[in-house]
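Read the structure below first, then the notes.
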Amino acid sequence: MEPPYSLTAHYDEFQEVKYVSRCGAGGARGASLPPGFPLGAARSATGARSGLPRWNRREVCLLSGLVFAAGLCAILAAMLALKYLGPVAAGGGACPEGCPERKAFARAARFLAANLDASIDPCQDFYSFACGGWLRRHAIPDDKLTYGTIAAIGEQNEERLRRLLARPGGGPGGAAQRKVRAFFRSCLDMREIERLGPRPMLEVIEDCGGWDLGGAEERPGVAARWDLNRLLYKAQGVYSAAALFSLTVSLDDRNSSRYVIRIDQDGLTLPERTLYLAQDEDSEKILAAYRVFMERVLSLLGADAVEQKAQEILQVEQQLANITVSEHDDLRRDVSSMYNKVTLGQLQKITPHLRWKWLLDQIFQEDFSEEEEVVLLATDYMQQVSQLIRSTPHRVLHNYLVWRVVVVLSEHLSPPFREALHELAQEMEGSDKPQELARVCLGQANRHFGMALGALFVHEHFSAASKAKVQQLVEDIKYILGQRLEELDWMDAETRAAARAKLQYMMVMVGYPDFLLKPDAVDKEYEFEVHEKTYFKNILNSIRFSIQLSVKKIRQEVDKSTWLLPPQALNAYYLPNKNQMVFPAGILQPTLYDPDFPQSLNYGGIGTIIGHELTHGYDDWGGQYDRSGNLLHWWTEASYSRFLRKAECIVRLYDNFTVYNQRVNGKHTLGENIADMGGLKLAYHAYQKWVREHGPEHPLPRLKYTHDQLFFIAFAQNWCIKRRSQSIYLQVLTDKHAPEHYRVLGSVSQFEEFGRAFHCPKDSPMNPAHKCSVW
């Protein structure tokens with residue numbers, strides 16, 4: 001999901017909404033007369049009754065007809081009032097005090113009001129206006145790097161999951177449910193984990209050949225016995241540790257109906273290549289902390305010559321960092337330029353110092369031909385890796401590969417290893433104390449038993465009714481995008497037709513995959529052994545089984561309805577190579593979505609996230625894929641050129657934002673910024689469509705904002721968040737999202753309807769005269 005922001009408001013400019021409640025005066029006698037009922041005419045008719053005997057028959061008939069017509073008008077007026085002035089579906093209805101709808105409206109009003117800072121002008125700094133109250137009242141918990149409104153939803157989901165795991169039974173049942181509970185208990189059994197100490201890892205290291213080529217010096221005979229490919233097989237094919245490069249089974253970007261082996265740059269421990277280059281004070285500190293971490297872990301494992309090993313391993317990673325292309329680079333955003341499909345025979349010529357057929361045969365348990373095709377996403381990188389292998393001593397390469405396995409698994413060891421990891425995280429991100437054990441174990445259960453845990457979650461915390469309502473909300477927002485495509489003046493007819501087709505074919509997954517309702521189907525996802533006293537072995541069993549499932553895909557038919565994340569995930573995503581949007585049950589929770597909240601808040605909350613993911617299909621990344629999820633340029637050159645010019649405006653806008661003296665990278669964050677802006681507009685216009693169809697909503701109690709204003713406030717309050725200063729450095733360096741503050745400011749300031757809703761003067765910070773717009 002996403003990140004933080006600020007704003008300002010003159011409250012005397014806000015328009016209060018007046019409404020007549022059917023729960024008000026006269027309610028005890030039944031529904032009160034709706035506004036517009038001709039009371040005066042009724043009294044006149046009644047008062048004239050004494051003169052009736054003197055009227056002739058024609059006059060009486062005429063009067064009767066008028067009375068009948070008046071009655072019809074009254075009935076029609078009542079029906080219209082029920083539709084437009086009475087309670088709407090969002091829940092403001094004719095109900096007694098204390099009914100669920102009223103409670104939900106009151107709860108929503110309290111949440112919004114507590115988060116606001118009414119002293120700030122929304123036309124100056126909307127983020128600070130919308131989130132100032134929240135920022136004042138909340139601190140970052142000691143064991144967290146960030147904390148925000150969405151994180152609070154995560155805490156609620158975590159507590160629910162913990163309670164489900166603590167139960168001896170319950171839920172849909174099945175072997176997978178028993179296994180995830182046993183796994184969770186094994187993770188909590190710190191006494192047993194401490195008793196074992198480093199032994200589980202020492203067994204893994206021995207399986208990889210030990211340190212220093214089994215403890216021998218590099219000399220004739222020993223070097224000849226060493227085989228890089230065998231160790232790569234252990235690292236990648238047994239322990240799932242990316243070393244030198246990554247090997248994955250993925251959809252073929254140019255033919256998404258089949259799976260393909262994909263090879264890409266990888267093998268660094270730190271999250272960004274520039275951290276190895278020590279180009280500023282922050283990266284120097286992080287690199288020094290990483291070196292200390294390496295030495296400490298090596299010492300805990302009883303290795304010899306710890307300082308020398310750490311230095312040599314670090315030098316290998318620094319060499320890899322120097323040949324790695326930054327994710328900020330244009331090359332890494334242009335999939336077509338990266339994509340290089342080659343045969344195994346061709347791959348062998350590109351990187352002659354690796355035995356590819358042998359390596360892939362071992363991992364996939366296949367007998368590949370030299371004509372088997374793989375996709376190489378980093379051709380230049382792999383050529384340089386081959387040179388690095390040739391020029392690096394075997395002993396050093398061996399220790400690097402073993403280290404990559406150690407790093408992947410060290411978080412599952414005894415407290416001294418976990419303390420070393422925490423100290424590194426403390427220097428990198430500023431966390432004050434380690435996460436409590438129960439949270440750590442819940443995270444591991446999510447990672448290794450995601451769907452089993454998800455089956456428990458949706459069984460109790462997400463209904464079929466909620467799923468249907470969100471699906472309708474998605475369809476409303478898709479409809480608006482369809483309309484928007486017809487209105488864009490920069491898109492020609494040919495490109496517009498392809499864009500419409502992509503929208504029509506887009507798959508939408510909401511809540512959970514249907515197979516979770518079938519215990520037998522869930523069990524098949526976890527056919528490996530789990531025991532309460534063998535946590536580390538449980539981890540290894542899970543990793544090996546996951547590798548087995550992955551390698552089997554290479555000959556399987558593609559099922560594009562599969563989910564990348566489990567339903568309890570607090571996230572949403574769009575996959576361009578499937579043309580698929582997914583909104584898990586974990587994010588469809590209050591306060592992002594509540595079926596009893598006003599629709600202004602639902603459209604401003606989850607609606608803007610739905611619009612965000614939908615827009616990803618047409619940003620600088622997703623726009624490279626067609627309606628079937630294939631990497632295909634479906635734009636005309638004229639339309640694409642105009643798209644790039646409009647996108648450049650957004651790049652310049654975000655390039656001008658700074659956080660802690662770090663400049664936001666407008667190009668690196670472009671796709672997310674396009675999605676934020678587009679999502680806000682789509683959700684807003686979808687809400688206007690909803691109002692036209694259902695009538696205006698009742699105002700929230702004790703809040704004087706219109707529902708258009710509440711829509712924008714809800715959007716901003718999605719991103720109320722605090723970050724530790726150290727984590728902001730890494731966020732700007734590595735995150736494709738702009739800091740949350742600017743996600744809000746950048747989006748609302750470029751949307752004409754925001755300025756109109758808050759009556760912002762032209763050229764005020766939130767309503768500049770010149771605006772950027774793509775979708």
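Glycine too: its Cβ is placed from the backbone N, Cα and C atoms.
Per Swiss-Prot, the feature topological domain 'Cytoplasmic' maps to 1-59. On the 0 to 100 pLDDT scale, the model's mean across the topological domain 'Cytoplasmic' (1-59) is 29.
Annotation source Swiss-Prot lists transmembrane segment at 60-82, citing sequence analysis.
The topological domain 'Lumenal' annotation in Swiss-Prot covers 83-775 and is backed by sequence analysis.
The annotation domain 'Peptidase M13' is assigned in Swiss-Prot to 98-775 on the grounds of sequence analysis.
Taken from Swiss-Prot, the feature disulfide bond covers C123-C760 (among others), and the record attributes it to sequence analysis.
Under the heading disulfide bond, Swiss-Prot lists C131-C720 (among others), citing sequence analysis as support. For C131 (disulfide bond), other Cβ atoms within 10 Å of its Cβ number 33.
Reduced to three states, the DSSP call for C187 (disulfide bond) is helix. For C187-C441 (among others), the entry in Swiss-Prot reads disulfide bond, with the evidence type sequence analysis.
Feature annotation from Swiss-Prot assigns N-linked glycosylation site to N255 (among others); the stated evidence is sequence analysis. Here the Cβ of N255 (N-linked glycosylation site) has 15 other Cβ atoms within 10 Å, regardless of which shown protein chain they belong to. Reduced to three states, the DSSP call for N255 (N-linked glycosylation site) is strand.
Neighbours of N322 (N-linked glycosylation site), defined as other CB atoms within 10 A of its CB across all chains, total 12. According to DSSP, N322 (N-linked glycosylation site) is assigned to a helical segment. Annotation comment: Swiss-Prot describes N322 (among others) as N-linked glycosylation site.
Long-range Cβ contacts of E613 (active site) within its own chain (separation 6+, distance under 8 Å): A572, Y573, Y574, M581, F583, A675, G679. The active site annotation in Swiss-Prot covers E613 and is backed by sequence analysis.
Taken from Swiss-Prot, the feature disulfide bond covers C649-C772 (among others), and the record attributes it to sequence analysis. Taken residue by residue with DSSP, C649 (disulfide bond) is part of a helix. C649 (disulfide bond) has a Cβ environment of 15 other Cβ atoms inside 10 Å.
Using a 10 Å radius centred on the Cβ of N656 (N-linked glycosylation site) and all shown protein chains, the other Cβ atoms total 11. If you look up Swiss-Prot, you'll see N656 (among others) marked as N-linked glycosylation site, on the strength of sequence analysis.
Around the Cβ of D676 (active site, proton donor), a 10 Å sphere holds 29 further Cβ atoms from the protein chains shown. The active site, proton donor annotation in Swiss-Prot covers D676.
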Nearest recorded site to C720 (disulfide bond) by CA-CA distance, among recorded positions C123, N255, C760, C772: C123
Candidates C131, C187, N255, N656, C772 (recorded positions) - the one closest to C123 (disulfide bond) by CA: C131
Distance [Cα-Cα, Å, rounded] between C131 (disulfide bond) and C187 (disulfide bond): 38
Local Cβ density at C187 (disulfide bond) - other Cβ atoms counted within 10 Å: 24
Neighbourhood of C441 (disulfide bond), C-beta criterion under 8 angstroms, separation at least six: F184, C187, L188
Euclidean distance between Cα atoms of C772 (disulfide bond) and N255 (N-linked glycosylation site), Å: 35
Residue pair D676 (active site, proton donor), C760 (disulfide bond) - Cα distance, angstrom, rounded: 21
Alpha-carbon distance [N656 (N-linked glycosylation site); C649 (disulfide bond)] in Å: 11
Residue pair N322 (N-linked glycosylation site), C760 (disulfide bond) - Cα distance, angstrom, rounded: 49
Collapsed DSSP category at C760 (disulfide bond): coil
